[in-house]
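Undergrad: This is the structure, below, for whatever I ask next.
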Amino acid sequence: MATELQHGAAIEIDQLYKQFGKKNVLQGIDATIHGGEFVAVVGKSGCGKSTLLRHVAGLETATSGEVRQNGERIDGINQQACLMFQDSRLLPWQNVLTNVGVGLRLEGEWQRQAAALLKDVGLDGRGNDWPAVLSGGQKQRVALARALASGPKLLLLDEPLGALDALTRMEMQQLVERLWLIHRFTALLVTHDVSEAVMLADRIIVIEEGRIVMTKDVSLPRPRVPTAPGFADIQETILNELLGIQAEKPLLQQTN
């Protein structure tokens, strides 16, 4: 592997409030994420999940409360975290190798390291290509390699697979999981996709209107498939919460 990442960062979120104007976006969020854990945050659009991620990244200032990493308050940009977005945000005027090298600050033997990272994400030999010739999934592979380049202890994923087709999305889920299992960074994923959350996460946090309304452990063996025993039950539990359906009645019966 290109880089040896240390064990992931532990995150504590303590009574986090965020207000934009008169709108309360986060309302007393309390959560603990253990080092090396993979946690997914799910919720409807506008529930506050991406705002929460930005606070962990140090890109927002809380109205009150705080986020701590390994016991220290995060003030300013979190230097031990890297973000992946739905848009790969590659530099169109630089080739693929240099885009990955940005994560290495283009120092030392960055070209060798960047090439090794591209191999890790399944793009061996594509370093001289321009971003314009890559598919959406390939661009996200480059973005993942760039995110891993600095050896982050925390990988923040803001719906990075949301714009991909179903097959490419599955391939990327498998890649993210494989690299997480190897490097054991802490991963925090924001997604609308409940199936994706069950596929990847050790634990799922459900947010509604800026509050945590459910936390669900996912103890299924890895690698996971949607047809595995227990997968559909966990998915249905989360969907029932999001849709406001009483848990004692199966979702399919509720919708008939």
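Cβ atoms here come from the backbone N, Cα and C positions, even for glycine.
Taken from Swiss-Prot, the feature domain 'ABC transporter' covers 11-234, and the record attributes it to sequence analysis. The ATP binding site feature in Swiss-Prot is assigned to Gly43, Lys44, Ser45, Gly46, Cys47, Gly48, Lys49, Ser50.
Can you walk me through where each of these features ends up in the structure?
TA: Taking Cβ-Cβ distances under 8 Å and a sequence gap of 6 or more within the same chain, the neighbours of Gly48 (ATP binding site) are Lys18, Val25, Leu26, Gln27, Ile29, Ile207, Glu209, Gly210.
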Undergrad: Apart from Gly43, Lys44, Ser45, Gly46, Cys47, Gly48, Lys49, Ser50, which residues in this chain have a Cβ no more than 8 Å from the mean position of the Cβ atoms of those residues at the ATP site?
TA: Ile207
Undergrad: In DSSP terms, helix, strand or coil for Gly43 (ATP binding site)?
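TA: Looking at the DSSP assignment, Gly43 (ATP binding site) belongs to neither helix nor strand, so coil.
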